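Copied over from Swiss-Prot, here are the features:
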- K167: active site, proton acceptor (ACT_SITE)
- H288: active site, proton acceptor (ACT_SITE)
- N112, K169, R289, H322, S369: substrate binding site (BINDING)
- K192, D194, E195: Mg(2+) binding site (BINDING)
- K192: N6-carboxylysine (MOD_RES)
- K330: site 'Transition state stabilizer' (SITE)
Amino acid sequence: MDQSSRYANLNLKEKDLIAGGRHVLCAYIVKPKAGFGDFLQTAAHFAAESSTGTNVEVSTTDDFTRGVDALVYEIDESKELMKIAYPVELFDRNVIDGRAMIASFLTLTIGNNQGMGDVEYAKMYDFYVPPAYLKLFDGPSTTIKDLWRVLGRPVVDGGFIVGTIIKPKLGLRPQPFANACFDFWLGGDFIKNDEPQGNQVFAPFKETVRAVNEAMRRAQDATGQAKLFSFNITADDHYEMLARGEYILETFGENADHIAFLVDGYVAGPAAVTTARRAFPKQYLHYHRAGHGAVTSPQSKRGYTAFVLSKMARLQGASGIHTGTMGFGKMEGEAADRAMAFMITEDSADGPYFHQEWLGMNPTTPIISGGMNALRMPGFFTNLGHSNLIMTAGGGAFGHLDGGAAGAKSLRQAEQCWKLGADPVQFAKEHHEFARAFESFSHDADKLFPGWRGQLGLAA
């Protein structure tokens with residue numbers, strides 16, 4: 001059935017929709033399936049299925065219903081581009097406080113339309129949230145400024161937080177795990193649980209929490225510097241998340257503000273993120289996106305992009321989210337990921353299709369991880385343009401020939417090298433841990449800095 005007469009209006013202008021302030025706008029790349037309708041017909045069916053319609057006309061539709069139809073307002077078949085305007089009235093709101101929810105946004109904009117028989121593929125690349133609706137989202141309650149404050153740094157441009165993920169990600173018992181934490185903290189700032197770590201039979205949660213607490217206290221005494229840890233509290237059960245969080249805060253006592261809470265936001269979903277955001281508003285909310293590649297990967301033509309995921313995370317209240325390495329690490333990514341970092345940190349930013357004003361909503365910190373080491377960092381910082389972020393290097397720290405503490409120091413020295421605008425090989429001559437990173441990650445060194453061995457006086 002051709003629904004374009006109802007669910008499409010190509011005379012609508014985007015600037016007028018934005019000025020009106022009552023529509024969420026979404027941009028998709030879409031391809032109709034062969035043998036069905038043309039591009040506009042498929043787009044209109046997509047809008048119908050995403051809002052007030054179905055595959056047939058129904059007798060219960062009235063004039064009010066038609067007033068909240070989602071409308072296709074722009075198409076470009078040559079680019080497979082479709083833009084849809086969703087009236088904000090369509091989206092569910094909390095009974096308890098009238099706040100907005102990402103679960104409803106996803107259900108409409110990327111829900112049943114992903115399984116439509118006449119759509120070969122459809123993927124969301126950007127979305128725009130109008131001011132009145134944006135204000136209904138929680139947004140972050142804490143930011144990187146809170147971590148800088150704990151670390152004793154300036155709360156403006158406090159700089160690089162040197163972090164790690166204890167490796168191996170699974171298989172360490174509580175005390176060896178805590179020992180690795182202590183080792184890294186002798187040179188670094190921040191440690192996170194890897195996303196599967198929790199309450200395994202060989203590493204009971206409470207025993208691990210107590211051991212890490214002791215390691216943090218010893219490291220702080222040894223260095224005279226504050227240390228940070230991000231504990232995974234992800235669970236299927238809301239009450240399990242609360243129990244984990246409360247036990248951690250009770251155990252760490254006066255060091256509670258040194259603790260972030262990690263939530264596997266993609267696999268556990270918006271409900272888990274919001275549980276952590278609302279139950280523990282004083283803690284830094286660390287959004288891990290494990291599993292997101294199933295829909296965000298450039299190889300996937302369905303779902304939504306990592307850019308969209310990160311923008312949703314800011315709305316939900318993530319203090320920080322993993323944003324990839326812009327092609328500098330081992331995970332999928334590209335230099336264009338820079339736009340993602342700007343979208344979640346700035347108060348006014350351009351996405352692939354829409355400009356977004358955040359109206360003072362707290363920023364979300366980019367958390368960089370996945371195959372990074374000290375040699376890759378100067379180029380990464382140059383591409384991003386600043387170093388106000390958290391990086392969690394697992395192999396990049398513990399793969400250092402001299403151990404985790406030296407690995408952490410090499411990462412910090414990499415930032416110093418970039419800030420000075422120094423040549424990395426020349427800088428290495430006067431910074432031992434950074435120099436040893438060349439030997440530790442020689443494959444990267446050969447690729448990034450040909451001839452480094454001779455310059456550092458090492459045999460080829």
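Glycine is treated like the rest: Cβ placed from N, Cα and C.
Keep in mind the model is a prediction, meaning the values are calculated, not measured.
Overlay of Swiss-Prot feature records on the structure.
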residue: N112; record: substrate binding site; DSSP class: helix
residue: K167; record: active site, proton acceptor; DSSP class: coil
residue: K192; record: Mg(2+) binding site; DSSP class: strand
residue: H288; record: active site, proton acceptor; DSSP class: strand
residue: H322; record: substrate binding site; DSSP class: strand
residue: S369; record: substrate binding site; DSSP class: strand
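Residue pair K192 (Mg(2+) binding site) / K169 (substrate binding site) shows a Cα separation of 11 Å.
Other than the site residues K192, D194, E195, same-chain residues with C-beta atoms no more than 8 angstroms from the centre of those residues' C-beta atoms, the Mg(2+) site, are I165, K169, N193, P196, Q197, S230, N232, L262, H288, A290, T392. On a Cα basis, H288 (active site, proton acceptor) lies 11 Å away from S369 (substrate binding site). Here D194 (Mg(2+) binding site) is positioned 8 angstrom away from K167 (active site, proton acceptor), judged by their C-alpha atoms. Note on proximity: of the recorded positions D194, E195, H288, the one nearest N112 (substrate binding site) is H288, by Cα distance. Across the annotated binding residues for substrate (N112, K169, R289, H322, S369), the two most widely spaced Cα atoms sit 36 Å apart. Between H322 (substrate binding site) and E195 (Mg(2+) binding site), the C-alpha separation comes to 12 Å. Here E195 (Mg(2+) binding site) is positioned 7 angstrom away from H288 (active site, proton acceptor), judged by their C-alpha atoms. When each of the active-site residues K167, H288 is scored by how many other Cβ atoms sit within 10 Å of its Cβ, K167 comes out lowest. On the backbone, the CA of D194 (Mg(2+) binding site) and the CA of K169 (substrate binding site) stand 6 Å apart.
Annotation for E195 (Mg(2+) binding site): spatial neighbours K169, N232, T234, L262, D264, H288, A290, criterion Cβ-Cβ under 8 Å with sequence separation of six or more.
Long-range Cβ contacts of R289 (substrate binding site) within its own chain (separation 6+, distance under 8 Å): D264, G265, Y266, A306, L309, A313, I321, H322. Taking each Cβ in turn and tallying the other Cβ atoms within 10 Å, the top scorer among the binding-site residues N112, S369 is S369. It is K192 that, of the binding-site residues K169, K192, has its Cβ surrounded by the most other Cβ atoms within 10 Å.
Comparing local CB density within 10 A for the binding-site residues D194, H322, the maximum falls on H322.
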